[in-house]
Ligand code: 5BU
């Protein structure tokens, strides 16, 4: 522990006490923003020196130092300078041109990479970095960090064979606060307990009693035909992965549908980008969906008057309701306009089971961040529960387990496509942002080995769901 470092951070008011809501929605009694470190080179040096002391004292072996992007990069640079060690840089997004490398710098497989992090919470972003380094053949068993928030990171990392050592822990900070009479010992215990407690979404609508989010219970109680079908598939096939098959030819779609069949709960299409749509294709795809037990999802994003949407969903060359079990609808037209869609559920000649409302897009600069917009969308879904199964969203938008929360913008190896799409990890999408189904496209379809990726996302999705609801 470095008391001097804590004292310096304390003097700069880096530790704030109060009631804070973290990015995940979790409440925290203390907020620590180590990014303020960057503006003080003195503290940054002190933090780097303390990390080097840990490395030396524990004889941690390494051939390269790797900072977890982005906040830890300046500290990692200073550590390399002090130790005269070579640095590697992990990219958050693969370059869209040239080598598509995820690690910059020269390295040899089989050598040891030591990870440097600023703050550890759940350990997830460290693990993502480790996975990438290991995939490149680097040996990765140790992480040093400036601060451990004591929220389970050590154990999560241990499970993956990673040893974490930190300069300061949350307990150290609270002990320091006790020593300067800022808090009592009793308060310290309360704070540590609160941080270690499993996260339960606050503000449950059923009188403050935490809602039951387990899919098994939600499947048993749902009155929505689409949600029953999807949850039955998720539970039976053990997959909450929806594949976005954004291909322009029916041959490509059928090829991926055949490969993906056993691994997905839904296959999402953009029918209007397909150049050779035909009734024969619809027949083959429907047969594949039936034999492999997945739902066909047309991401049409309807947004018009009720009458026009009615025509768009059932008529024209695509006749969407004759093959799609679910579609997306924008909430912009308002509640009355989606009522005409109800007539297609359970109607002869229609395969539609329900729809999702778009509460929030994954794109950079989206206008759907507006809280009133989201609230209005939730209200519209609540008023039309028979046809609306849930939402497309980035974070779970309602504290209502009768809806399902589907989320696009998921990719384990990149964070943006350079055209506005924003990707985050499966863990973030499900454990932190509380969604139920992950929608993954190019991370699978553009990979040289799509089947390995289907399995990877399927496993990661179900693992995250179990971690969220344990
Ligand atoms: P990607 O290749 O994983 O980026 O594909 C994501 C898919 O989800 C793609 O078909 C998009 O049209 C779709 N999508 C999205 O990415 N973001 C959104 O907010 C909505 C849909 Br709504």
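Just so you know, glycine gets a Cβ as well, placed from its N, Cα and C.
Taken verbatim from TrEMBL:
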ACT_SITE  299  active site, for OMPdecase activity
ACT_SITE  301  active site, for OMPdecase activity
ACT_SITE  304  active site, for OMPdecase activity
BINDING   246, 268, 362, 421, 441, 442  substrate binding site
DOMAIN    240-457  domain 'Orotidine 5'-phosphate decarboxylase'
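Distribution of TrEMBL features across the structure.
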residue : record                              : DSSP (3 states)
246     : substrate binding site              : coil
268     : substrate binding site              : strand
299     : active site, for OMPdecase activity : strand
304     : active site, for OMPdecase activity : coil
362     : substrate binding site              : coil
421     : substrate binding site              : strand
441     : substrate binding site              : coil
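Binding residues for substrate (246, 268, 362, 421, 441, 442) extend across at most 17 Å, taking the greatest CA-CA distance. For ligand 1, the neighbouring recorded positions among 246, 304, 362, 421, 441, 442 are 246, 362, 421, 441, 442, by Cβ distance under 6 Å.
Summary of the substrate site environment: with the site residues 246, 268, 362, 421, 441, 442 set aside, the chain residues having Cβ atoms within 8 Å of the Cβ mean position are 244, 408, 409, 439, 440. Geometry remark: residue 441 (substrate binding site) versus residue 304 (active site, for OMPdecase activity), CA distance 27 Å. Here the recorded positions are 246, 268, 299, 442, and the one whose Cβ sees the fewest other Cβ atoms within 10 Å is 442. With respect to residue 299 (active site, for OMPdecase activity), the closest of these binding-site residues in Cα terms is 246, chosen from 246, 362, 421. For the recorded positions 304, 421, the greatest number of Cβ atoms within 10 Å around a candidate Cβ is found at 421. Taking all protein chains in view, 14 other C-beta atoms sit within 10 angstroms of the C-beta of residue 301 (active site, for OMPdecase activity).
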